[in-house]
Amino acid sequence: MIEVLLVTICLAAFPYQGSSIILESGNVNDYEVVYPRKVTALPKGAVQPKYEDAMQYELKVNGEPVVLHLEKNKGLFSKDYSETHYSPDGREITTYPPVEDHCYYHGRIENDADSTASISACNGLKGHFKLQGETYLIEPLKLSDSEAHAVFKFENVEKEDEAPKMCGVTQNWESYEPIKKASQSNLTPEHQRYIELFIVVDHGMFMKYNGNSDKIRRRIHQMVNIMKEAYRYLYIDIALTGVEIWSNKDMINVQPAAPQTLDSFGEWRKTDLLNRKSHDNAQLLTNTDFDGPTIGLAYVGTMCDPKLSTGVIQDHSPINLLVAVTMAHELGHNLGISHDTDSCSCGGYSCIMAPEISHEPSKYFSDCSYIQCWDFIMKENPQCILNKRLRTDTVSTPVSGNELLEAGE
C-alpha cells in the first residue's frame, strides 16, 4: 500500500501587527511567518516523485493547529497543451512542454466541511485556503531564508482602489422554449461537459510583468487551477489547452472600449487562432484599463461559436484569485449564465456571477447559475464541449526551421 506523503509545517509565528510588507499579493498588514519542513513517510527505497499526487500539511492558523489535505489537480492541462510566443522579428514560436507532473493542487482543511484550498507548490507554497468562512493567502517571502512563507487573511491586503469593479455584460441569454429545469440530483457523470480553454496575454500584460513569460504562465496556471475547482459544481471540467503571449506586439487593437476589444479578439480567434489550434473557448487577459468600472466582458450563450466563444478580462489585481474569479465569471456568460439577482444564493458568500466583484472573494456559483447553465446546455447542446479530447491535436512530421516544435522533435 502506498503511504500518503506527510508534510509538517513547523510554524514560527511572528504577527507583524500594524506593520506592512510588500508581497506579490500587494501590501499586507498583520501576517504570520511560517517555515515549511517536509517530512516524508514513503516506503524505504521508494522513488519520490517531484510532485506527489497527495500531500498533507499541518500548520497553525491564529494559534490553532489545522491539517491541510491536498490532491494534485489532474486533468488541469489537455494532452496537446501548447505555449506560443513571438520573437522580436515577429516569428511565431510554439512549444509543447511536458505538464503531466505539474505542481497545482486542490484541497480542504480537515474537520471543516466548507473549507477549500487551491495551492501551487512549484516554488514554495502559493495560493489560498478557506478556513471557518475566512479566506487566507499563503506565499513565499522574498528573504534570504528561502523557507519562510507569509500567511495572512485576504482582508489584510490593502485595497489599491476602492472604486467598484464590474462586468460589462448587460444582456441575458433567454431560452425560446420552456424546458425542464436541471437539478443537481438528476445529473450523472454522463452529463459532464468538457471545456478546452485557451488564454491569450496581450503585449501590455507582457510588459507589466517585465517580459517574464515564466511568471505570466505560472499566474495563468494558478488561475485555471482555481477555475477548474469552481466549475466542478456545474459538472463542467476545464482543461487549459494553450497559452499565447503577444510578446512582440498586439495582434489586435486592444483599447479601453471593452466591446470593441471583444469584437476584435473574437474576429482574430475565428480567422487566426482556430486555424492553428483547436479549442472550445478563448479568453484575452489584458493590462488595458477598460472604460468605467468594467473589468471584463463576454458574449452570452455563445459557447462553441468560432467568434463569440470568447471573453476579455482586465488583469485588475495582483491577487490571482480575484482575476481567476473574473475569468470564471466571463466564461459563465459564454455558457448562458446571467448576473445573479438578490434571490440567488451560493451558501451565504458573494457568488461568482454577481455583477460587481466583492471585496470578499467567492469561488462558488449560485443556484441560479446552475439552472441557467444547464438550461443553455440542454437547449442549445453546444457540440464542442461534449467530449474531452483524447489525442494530441497538432502532430506533424518534424520539420526544422518552422519555429514549431512538433511531437517527436
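We number each residue from 1, going along the chain as drawn.
Backbone N, Cα and C define each Cβ position, glycine as well.
Among the candidates GLU196, GLU229, GLU244, GLU330, the one that Swiss-Prot lists alongside ASP280, CYS384, ASN387 as binding Ca(2+) 1 is GLU196. Looking at HIS329 (Zn(2+) binding site) and CYS344 (disulfide bond), their Cα atoms lie 15 Å from each other. Taking the centre of the Cβ atoms of HIS329, HIS333, HIS339 as the Zn(2+) site, the nearby residues of that chain (Cβ within 8 Å, site residues left out) are CYS167, VAL169, GLY296, ALA298, GLU330, GLY332, ILE337, SER338, ILE352, MET353, PRO355.
Cα spacing between ASN387 (Ca(2+) 1 binding site) and CYS304 (disulfide bond): 13 Å, rounded to the nearest whole number. DSSP classifies CYS368 (disulfide bond) as helix under the three-state reduction. Calculated from their C-alpha atoms, the gap between CYS368 (disulfide bond) and GLU330 (active site) amounts to 16 Å.
Cβ neighbours of CYS304 (disulfide bond) (same chain, under 8 Å, six or more residues apart in sequence): ASP280, PRO382, GLN383, CYS384, ILE385. Taking the C-alpha positions, the distance from CYS346 (disulfide bond) to HIS339 (Zn(2+) binding site) comes to 13 Å.
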